Each structure stands twice: as C-alpha cells, then as structure tokens.
Amino acid sequence: MPNGSIRNCANAVADTVRQTFSRKTWEHKEQLQTITEQKKFFLRKVRWQIAILAHFGFAISFGIRSNFGVAKNRMVNNFTDAYGEVHEREFLWTGAEVGMMESSFFYGYAASQIPAGVLAAKFAPNKIFMLGILVASFMNILSAISFNFHPYTDIFVMVVQAVQGLALGVLYPAMHGVWKFWAPPLERSKLATTAFTGSSVGVMTGLPASAYLVSHFSWSTPFYVFGVVGIIWSLIWMYVSSHSPETHGYISDDEKKQVTEKIGDVAVKNMSLTTLPWRDMMTSSAVWAIIICTFCRSWGFFLLLGNQLTYMKDVLHIDIKNSGFISIFPQFGMCIVTLATGQLCDYLRSSGKMSTEAVRKSVNTFGFTVEAMMLGCLAFVRDPVIAVTCLVIACTGSGSVLSGFNVNHFDIAPRYAPILMGIANGLGAVAGVGGMVTNTVTYQNPDGWKWVFLLAMAIDIFGVIFFLIFAKGDVLPWAREPEKEETFNEFVRRMSIKVRSLSRKTRNREGDTSYEKMEEDSEMKPCSKKVEARAPAEKSESSS
C-alpha cells in the first residue's frame, strides 16, 4: 500500500478518536430546524406507536421463522410430548431433504432484498411492510397444510418456504422506508432500534413458544398460531400506520409539524427509478462501509444464532433442554443494549457532545470489538460456565452495532435509505455461507470450533477497521441532488436522439453529409426555435 494511503487511513482513525473525546459542542444541521413540540406521553405520539407496533411485527416474523426448525423435531423423529405419550415419526425425510426445505426460505429472502429497497423508495413503505408479514402469515398456515401433500411434499414445501422468504425479505428495507418519512433526524437511532429489537425478541420468545405448542398440542399448531397472530397484527398496523404524517388519520397538528419540518424535503420527493445515482451509490466508500459491516454482522449473528445450541452440545456437553433455556440470555442482553445505545446515541447528537460520524463509529467499534474479543476467548475455552459467559457477553455487546452501521443509511443518504438497506442486506446475505463453512469444519470434529471462532473474530476486526476509515456521518453530495423526473415522452425523445445519432454516423461513413444539415433544421432543437420566435414579438413590443 502506498505511503500516502497509509497516512490517509491513519488520519481518518485519528480524526475519529479526536472527535470522540473532544469537548467541542457539535452543531448538527438538523438542529437548525428547531421546533418545540408539546410534551406528552410517548405512546400518544404516532411515530412511537409505529415503532412499537413494528417491534411486534419483527417479533412475529422471527417467530414464524422458528416454527419449522422446532416442529421438525416431532415430524421426523420419535417424540415424547408433555403428557408422556410417545409419537412415532410422521415423515420419512432424510437430512438432505429437510436441509433443502429449510434453505429454500433463505433463497427467497436474499432474492427480495434489493427489489424491496427499490419498491419501498417508490411506493408506500408501510403497505409493503404490512404485505410482507401478511403474506408470510398466510404462507405459514399454508405450510402446515402443504406437509400433507404426498408424494410431492418436499417440492411443495420448498415453494411455500421460498415465497415466505420473499415476503419476509422486504421487512428491513420497507422499515427504512417508513423511517424516511417518520423519524426526525435526532430521533432516528431510538426509533429504529426500538423497531429492530423485535427480531431479538422474536428469537427469544419464538423458540420456547413453538416448543411449548409442539410439545402440548401437535407439530402443526405453531404454524396456525403464528399465522393467525400475523394476520391480526396486519389489521392493526393498517389502522395505526400511514405513508407519511400528511396522510395519517388521527395525528395531531403539533406532531405533524414536528416531523415534517424536521425531516424537510430531503425525504419526501418522489424519485425516478431510471435516474437513481446507482454509480455514485456503488462507488461510495461510505456505502461500502455499511455493506461490509452488514456482512460481518450477519456472519457473527448467524453463527451465534444458528449454531450455539450445537456448540453447547458438542463442545460443552450441555443438554439440549438446558441449552435452550440458556440461549434466552444472549438475546435478552442484546435487546437491552440495543435500546440503551439508541437512546444514548440520540442524546449525544442532540446535545452536541459528539458529531454524528463519531457517534456511529464509536458504538460500532464497541459492539464489534466486544464480540471479536469474546469469540477469540471461545476458541480456547472449554469450561461451560466461562464459555456461556463469553457467549452472553458477545451477543450482548454486539447489540450496540445496530445504532452504528445499521442506521447510517439515514445519515449519508436519507432519501435512498431503503434502497441502501436492500443492497446491504442482499449482499450481506452472502454471509449465509458461514453455516455451510461451520458444518464442514466441525463435522465430527469438535476441535474445528476453534477455527470457526477465530475466523469470525477476524471478520469482525476487519469490519471495525473498514468502518472506522470510510464511514461518514453527513449527507453525501450525490444524495442531496434532486432527482430528475423523466416522463415517458422524455424517454422516447432520448431514445430517438440516440437512434438518429447512430443513423447519422452510418450515413457519414457512406459519404452522405446532407443529413447533418437536415438534423440541424429539424425539431430536435426546440430551444433555438423558441428564441427566434420571441425575437419578432419583443421588437414589436418595443416599437409600440
């Protein structure tokens, strides 16, 4: 690496540290639009009602995702229920067939990320969010029915799971679209983290709730229960939410003014899909800082979420019943830290104690560093108490990153936040290969967990350094420019110009130069004709 590049990287890190510990009072551009809102209980504010209801929506979605993972234990194995009755396996699926049915969900989930971001930027994001959970809820009920369609059960279930993945894949980009209209700049962290912590609550409650329903009733009960709950939630969401404060039914005038004036025009103008700054987005180092951190976060999250029970069983020799209860604590700790960090970040920014960039980099560095340190310890620890403590600290500390890179989309490009979220989540879904890597390295080899944790630690460290160097906290220049609305006639005109240009080049090669003169006199230059038309009129007015 050239000396200049090394010097620039060192300066970027030094500037971040200097901003973090400086006593300077930072004046945020958002504070220039000072509006006094009447103090009232936060649940009476519509934006907080939306945040809390979105929290439950994410919880339902992650509960739905846990249903099949729990139900399969009774479907493909001999099972003793809560009443002591033994049930024989109902389905003779192989491990490969079950794996194909489960993985089909993630294929649909990854495929819908980027299209969901574009749709959330173009249409009402609150309706897209609702449709995602509504479709997934219907698919959940259909899943319970589809398991009985022999002999094509596996194919039918794969299709249903893929559609369910497509539906739930729109949630994160759509929610970023919702906050684009509803979250004032200095409340983004706490509103967004309140909504997104629903995913941890869904994991924390979905697994034991599904296990209870499977054990006390049947394997199909969780599918029906979570499906019905999701449908009921969709009806409530449609009443509470709306596209923007201007279209809401019962929002107070005070809150409407508070939200719309603080957000300003940067987030309320429509955009043309043909004129989105795709090149600027994909060549922006700040955007790639978010994408890289999304990948790193997904790698660690999938590792700790999907494999911690297996790790406890194979390495720590903890019984599955006990490990299932223990797994609640990491998710609970993550929720607490995520909510607390969101409040802290907005306080530091609104009080002027730290700049937006310093806040994002600080909490991001803290979360990834704590997780990396604990994963490094897990590579060498074999004592169950110490190992479980490291797991809890790793998950708990990592909760702060949701107030770092995960809301940085709003800081650098608020109008394109749902699109950036879709791009980051879509590319970050590549981290799903981590499950395959983990299974390959640890198959009949408990010592392989050492290398799994060391690899995850290295990925976290890379994410910390990349974000420290390249992340930004202000709106980027290409995100400030108003979008050009291209009508159908303008599109046809642009295409006709290109066609005539190609035709002109062809004629020039053949020696026909009269076409250039003909094009100059054509209607392709309307501005000059208007000027010529105005000239006689101006002369006549001056003479009169």
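Each residue, glycine too, has its Cβ placed from N, Cα and C.
Pulled from Swiss-Prot, these are the features on record:
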COMPBIAS  508-544  compositional bias 'Basic and acidic residues'
CARBOHYD  Asn78  N-linked glycosylation site
REGION    501-544  region 'Disordered'
TOPO_DOM  1-49  topological domain 'Cytoplasmic'
TOPO_DOM  71-104  topological domain 'Extracellular'
TOPO_DOM  149-154  topological domain 'Extracellular'
TOPO_DOM  176-193  topological domain 'Cytoplasmic'
TOPO_DOM  215-219  topological domain 'Extracellular'
TOPO_DOM  241-285  topological domain 'Cytoplasmic'
TOPO_DOM  307-323  topological domain 'Extracellular'
TOPO_DOM  345-360  topological domain 'Cytoplasmic'
TOPO_DOM  406-416  topological domain 'Cytoplasmic'
TOPO_DOM  438-450  topological domain 'Extracellular'
TOPO_DOM  472-544  topological domain 'Cytoplasmic'
TRANSMEM  50-70  transmembrane segment
TRANSMEM  105-125  transmembrane segment
TRANSMEM  128-148  transmembrane segment
TRANSMEM  155-175  transmembrane segment
TRANSMEM  194-214  transmembrane segment
TRANSMEM  220-240  transmembrane segment
TRANSMEM  286-306  transmembrane segment
TRANSMEM  324-344  transmembrane segment
TRANSMEM  361-381  transmembrane segment
TRANSMEM  385-405  transmembrane segment
TRANSMEM  417-437  transmembrane segment
TRANSMEM  451-471  transmembrane segment
Helix, strand or coil at Asn78 (N-linked glycosylation site) [DSSP, three-state]: coil
Touch test for the transmembrane segment (105-125) and the transmembrane segment (220-240), at least 3 Cβ pairs under 8 Å: no
Which of 128-148, 220-240, 286-306 contacts the transmembrane segment (50-70) most, counting Cβ pairs under 8 Å: 220-240
Tertiary contacts of the transmembrane segment (324-344), as residues 6+ beyond its ends and Cβ separation under 8 Å: 189-194, 196-197, 200-201, 203-204, 207-208, 211, 304, 308-309, 312, 318, 363, 388, 391-400, 402-403
Listed in sequence order, residues with CB under 8 A of Asn78 (N-linked glycosylation site) and six or more positions away: Val86, His87, Glu88, Arg89
Helix, strand and coil counts within the topological domain 'Cytoplasmic' (176-193) (DSSP): 16 helix, 0 strand, 2 coil
Listed stretch, out of 128-148, 194-214, 286-306, 451-471, that has the most CB pairs under 8 angstroms to the transmembrane segment (385-405): 286-306
Model confidence over the topological domain 'Extracellular' (307-323) (mean pLDDT, whole number): 73
CB contact flag for the transmembrane segment (451-471) and the transmembrane segment (361-381), at least three pairs under 8 A: yes
Summary of DSSP states over the topological domain 'Cytoplasmic' (406-416), given as helix, strand and coil counts: 10 helix, 0 strand, 1 coil
Two-stretch contact, the transmembrane segment (417-437) and the transmembrane segment (194-214), at least three Cβ pairs under 8 Å: no
Cβ-Cβ under 8 Å with the topological domain 'Cytoplasmic' (176-193): same-chain residues at least 6 beyond its ends: 28, 30-31, 46-48, 50-51, 54, 117, 120-121, 125-126, 128-129, 241, 243-245, 258-259, 262-263, 267-268, 338-339, 341-343, 345-346, 349-350, 402-403, 406-407, 409-411, 414-415, 417-418, 420-421
